[in-house]
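J.: Right, I'll just put the structure down here and ask away after.
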Amino acid sequence: MSSDTVKQFEGFTNYILEKYRDIKYNKLVDFDYLTKIVLDICGKALIISINEKRINKKLKGETPEKRYRYFDEKLCKSGIIYKEISQKYPSIIKDLENTINSYFILLEEIVKKFEKDKKKLFQNRLIKDKSETIIHIDILGDLHGGKAVTKVITNKSNLLYKPRSLTNDQFFLSFLKLMKSLEENEITEYYNYKFINYKDYGWVEYIEKKPTSKDKINVYYKRIGYLLALGYILNISDLHFENILCSNNFPILVDLETMFHTSIYKPNFCNLATQNIEEKSGVSVFATGMLPISRKDKNYGGDISGILGGSFNKEKRIIDNPNRDDIQFKKKLIRIKKNGHIPFYIENNKEYRYSPEDYIENIEEGFIFGYSLFLNNKEEILEYIKNNSLGVTVRILARSTIEYSVLIQAAKSPIYANKRNELFNKLERFGRDLLSDELIKSEIKQINTLSVPYFYTKVHSNVVQDINDEKVHDLSKSPFNMFLEKSSNYSMNDLRFQSKLINFSLESQKKLFVDGKDFISYKYDENSPNNINDAIEDLVNIIINNAVIDKKDSSINWMNLGISKEEEIIFESLSDDLYKGLSGIGISLMKYYKINKKFKNISKVKKILDTIYSSILNNIENNSNREKDLSFFNGEIGKVAFMNKYEREFKDNCEKSKSYMKEILQLVTLNDFALNDIIAGLPGIISYLYNQKIFLNEIMIMGEKLLKNIDSRPIMASYAHGESGLMVSFLYLYDLTKDKRYLTEFYKEWEKESTLKLNRGWKDIRQKNSTYSVSWCNGVTGQLISRLIAVEINNKLKIFDNTNKELLDREIKELLNLLIEDGLEQDNFCLCHGSLGNLLVLNYYQKMYEINNKKLEKNIEKNFYSITNFGLNKGWICGLGNHFYSFGIMTGVSGILYALLKYKNNENDLGILLPNI
């Protein structure tokens with residue numbers, strides 16, 4: 001909560017806290033902390049109360065500021081508002097009292113245990129003197145079930161109190177000791193922090209952050225890599241930046257609740273190939289949380305990893321109109337930057353942080369050493385773990401803590417204050433098919449105390465218990481058995497694979513979508529030879545060699561490199577869609593097959609195509625159409641487009657694709673689309689069906705739907721997401737129907753786009769500066785497509801007067817110049833937002849409108865040769881590193897293949913860029 005928030009409603013907080021001023025241990029009470037608790041729980045109710053009184057003219061004062069003071073100093077300070085909230089929202093006041101009482105119970109508990117354990121604390125050098133007294137207790141984080149980790153400050157020492165057994169810490173330190181005994185060197189040295197362990201609580205040394213000397217920083221990062229290996233081996237998760245400490249020359253892992261991490265249920269995957277990829281990614285080094293790679297289910301907009309992290313987005317509640325009677329809470333996304341986990345040195349009395357990216361080789365060396373040490377002593381280590389891990393407790397997460405936090409914050413709102421059962425019962429509706437009734441009941445009971453539900457098991461048990469030690473669930477396997485299964489796959493091959501993941505992860509976060517060992521930028525080379533055939537074969541081999549095929553269910557998938565909404569790198573299995581999924585890869589390989597039926601690779605390509613088809617078909621047959629994306633690029637229509645091409649080539653008839661198309665089109669005509677753009681809405685479907693000359697009646701129904709839903713979106717100079725895509729749809733609809741409403745809408749969209757006109761180009765509203773973009777999806781290239789289609793429709797129907805025709809010609813000329821100047825030397829080769837999408841459109845223009853322009857033709861040829869030469873020698877720019885790729889047709893290597901095949905085959909259509917396949 002911001003400091004601005006704490007300063008508000010002081011009359012209310014003082015009224016609440018006044019009765020605690022003379023309580024026992026009052027000198028230890030952190031009243032600032034309690035103030036934050038009061039406002040966190042009651043803040044929304046106070047905001048509603050003051051605004052209701054403002055609207056109803058019940059506040060005295062001539063100005064908003066004076067009326068606020070009246071509310072706070074008169075109504076709050078006297079207890080009137082407290083009584084009103086008690087009557088109106090009794091659950092909120094109950095929450096407040098329970099939380100404050102829990103705080104004081106915890107305070108008393110810590111003081112009593114400190115006094116009881118003082119002699120032992122002194123003997124274990126956790127305090128310096130037997131006569132020390134506590135002068136402050138600092139709560140670290142939130143209270144959970146009335147418990148919290150606290151920093152205990154005495155008159156001479158600092159130490160931590162943890163409200164749980166420290167058996168996990170005890171085991172891990174003993175494990176480090178074992179590993180050191182197997183090979184003693186600078187890497188296996190570790191910080192043996194002091195602690196005292198009791199059954200349900202413990203005392204831990206407070207580790208001070210100390211600088212790392214320059215002559216030891218390489219050793220420090222070798223130790224980081226070594227700990228990463230041990231974290232990977234022991235299935236430790238959640239090692240984000242807050243759980244790695246840096247002191248002197250040692251990295252230290254803390255909060256080891258997720259050692260031997262195991263999932264409470266097995267996720268359902270659409271097929272076995274997808275399951276293989278997701279499970280491989282899920283148990284990789286990425287699962288430790290130490291590396292800066294996002295997962296599809298991650299809930300942070302940024303990097304929270306233990307090695308690099310500390311920079312991420314966080315939604316924060318801030319005050320709008322402070323100290324006024326129209327005060328409001330607002331949510332604001334802020335960028336948080338933390339670097340306390342990064343080692344530092346001091347120079348000229350100033351603190352400087354090292355850059356982890358400079359020590360990747362050391363991290364890899366430490367990881368390889370730790371992994372190899374395990375492999376070389378595997379039987380002894382496994383036996384040690386089996387015999388010494390009996391007391392280890394494994395925290396079980398039934399759902400993400402983010403989901404729980406959202407419910408808890410909602411529960412604090414007056415909106416749900418008197419109907420929390422309705423709110424928390426959502427846990428029953430979403431999870432009953434995976435979680436036991438007993439566990440869900442316990443979830444609801446715990447979350448009613450505004451605490452994140454806590455569940456655990458012992459490492460050798462399959463019984464899940466809750467915070468009250470009640471059995472609530474049975475695991476299919478114990479965490480130890482899960483660990484043994486994983487450890488059976490540890491090998492030199494796995495070591496090499498995990499090492500590649502580490503190198504990729506640490507080097508790639510700052511450079512997206514580049515494949516090349518040193519992440520070099522693309523440079524045009526006009527003297528490049530004609531390597532198109534070699535490039536095509538290279539790309540086909542990349543696709544074939546990286547395919548994951550499961551023969552049991554005839555499924556296929558690829559481990560794909562993608563980008564999250566927060567522009568983070570993620571690994572993911574592919575869906576069946578056309579934009580970046582299996583259907584798009586299938587479209588590209590179909591083109592290769594038709595052109596190169598006599599090539600060596602053709603039998604392998606045919607096998608891949610067969611498996612893609614059967615995989616998509618099985619997924620369609622096994623899944624309901626409800627709540628499916630129906631669009632062309634992202635959804636079902638794109639899948640049908642691939643199936644239809646496949647059936648026309650390899651089947652006696654197209655009955656399956658035609659039948660499914662009719663089924664999906666019925667849903668399309670009945671359902672509304674959240675977005676009306678080429679990628680995700682009706683325009684993409686209309687363009688595809690129009691160019692295939694099929695289902696014309698359905699297109700006209702879609703046209704009527706489109707007319708009703710075109711105004712509720714921002715204006716964008718974009719083919720994929722904005723006006724240019726709509727312009728093409730309305731031209732096609734006018735051509736089909738001759739209904740002038742569509743021509744009118746075309747002109748409206750053209751006019752809207754003109755409002756973004758700059759001196760050169762059209763403003764890309766996604767950019768902070770007034771600048772244009774040059775790509776198929778956003779900017780020049782897609783805009784050029786819309787103008788060229790307008791020319792074609794005009795040639796057919798004569799829709800433009802001279803003024804509009806001249807304007808169209810000027811815009812085509814400008815867009816063409818911008819594409820040639822800025823669109824052919826980009827650091828991405830993909831179709832959607834890279835050089836090859838731009839080149840395909842330029843090639844289409846030359847073949848259709850300037851067939852005799854040999855200079856332009858030669859320029860296009862040289863650019864294709866340059867890209868293929870670069871790709872073969874330095875890497876295809878749509879991935880990262882030389883081991884991981886994006887495979888989709890619009891964003892990856894299959895799209896590069898598609899572009900090269902179209903150029904080699906001298907095709908003169910826009911193909912998937914229109915789309916027309």
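Keep in mind that glycine also has a Cβ here, set from the backbone N, Cα and C atoms.
Per TrEMBL, the features are:
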- 89-457: domain 'Lantibiotic biosynthesis protein dehydration' (DOMAIN)
- Cys777, Cys832, His833: Zn(2+) binding site (BINDING)
- 883-901: transmembrane segment (TRANSMEM)
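Give me the structural setting of these features: burial, nearby parts and distances.
T.: His833 (Zn(2+) binding site) falls within neither a helix nor a strand when secondary structure is assigned with DSSP, and so counts as coil.
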J.: Going along the chain, which residues at least six beyond the ends of the transmembrane segment (883-901) come within the CB cut-off of under 8 Å?
T.: 500, 504, 513, 515, 532, 535-536, 539-540, 542-543, 546, 558-562, 571, 574, 578-581, 584-585, 587-589, 591-592, 595, 633, 829-833, 836-837, 839-840, 864, 868, 871, 876, 911-912
J.: Using the centroid of the Cβ atoms of Cys777, Cys832, His833 as reference, list every other same-chain residue with Cβ within 8 Å of it (recorded Zn(2+) site), in sequence order.
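T.: Result: Ala720, Ser775, Trp776, Asn778, Cys830, Leu831, Gly834, Gly837, Met890, Thr891.
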J.: Give, as a single whole number between 0 and 100, the mean pLDDT over the domain 'Lantibiotic biosynthesis protein dehydration' (89-457).
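T.: Mean model confidence (pLDDT) across the domain 'Lantibiotic biosynthesis protein dehydration' (89-457) is 89.
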J.: Restricting to the same chain and to sequence separations of six or more, state which residues have a Cβ under 8 Å from that of Cys777 (Zn(2+) binding site).
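T.: In sequence order, the residues whose Cβ lies under 8 Å from that of Cys777 (Zn(2+) binding site) (at least 6 apart) are Ile679, Ser718, Tyr719, Ala720, His721, Cys832, His833.
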J.: For Cys777 (Zn(2+) binding site), which of the three DSSP-derived states applies: helix, strand, or coil?
T.: coil
